[in-house]
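Engineer: Below are the features listed in TrEMBL for this protein:
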type     : residues : note
REGION   : 1-22     : region 'Disordered'
COMPBIAS : 1-14     : compositional bias 'Low complexity'
DOMAIN   : 25-156   : domain 'Nudix hydrolase'
Amino acid sequence: MDQSQSAAAAGGAAETDKERRLDPSALAQYAALPYRERDGRLEVLLATSRETGRWVIPKGWPMKGKKPHEAAAQEALEEAGVKGKAAKKPLGSYQYWKRLKEHFVLVTVQVYPLQVAKQVKRFREAGVRRLEWVSPGEAALRVDEAGLAALLTRLDEATHPFA
């Protein structure tokens, strides 16, 4: 009998380390929205997700010892190979349903703009994800999460979004 079966047999709820970290009262993730200006136009960096290949922005769970914008910047480096300065204030937030082993949980994602200074070729998830620089409007069409699409649409319509 494995640990989850024994916990279930004992009447306890089986939980993984990740699920243990996911306190339902505080389900938050931090995302980076990597951006750059190219030929006078704003571009944002999208990456494909590891599991489904859908277009996303780098995001992850809170990190011990890091402020939210610092955690977002770390995710951008690990998932998309970009370094830069993350804004201390989020651009906005969106929600999505995160699939865990046997259920879904609602997660609120705070999005921090990250002005890209450098894009590296070697990073943790380089062989796992596709990356593409696109306009915020194009990004809004590619992402699945309606709240993220709305943030990207507002960004696309703004004259000087990060000025």
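Keep in mind that glycine also has a Cβ here, set from the backbone N, Cα and C atoms.
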Engineer: Calculate the per-residue pLDDT averaged over the domain 'Nudix hydrolase' (25-156) and state the result as an integer.
Structural biologist: 92
Engineer: Kindly report the helix/strand/coil residue split of the domain 'Nudix hydrolase' (25-156) according to DSSP, in that order.
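Structural biologist: Going by DSSP assignments, the domain 'Nudix hydrolase' (25-156) contains 33 helix, 57 strand, 42 coil.
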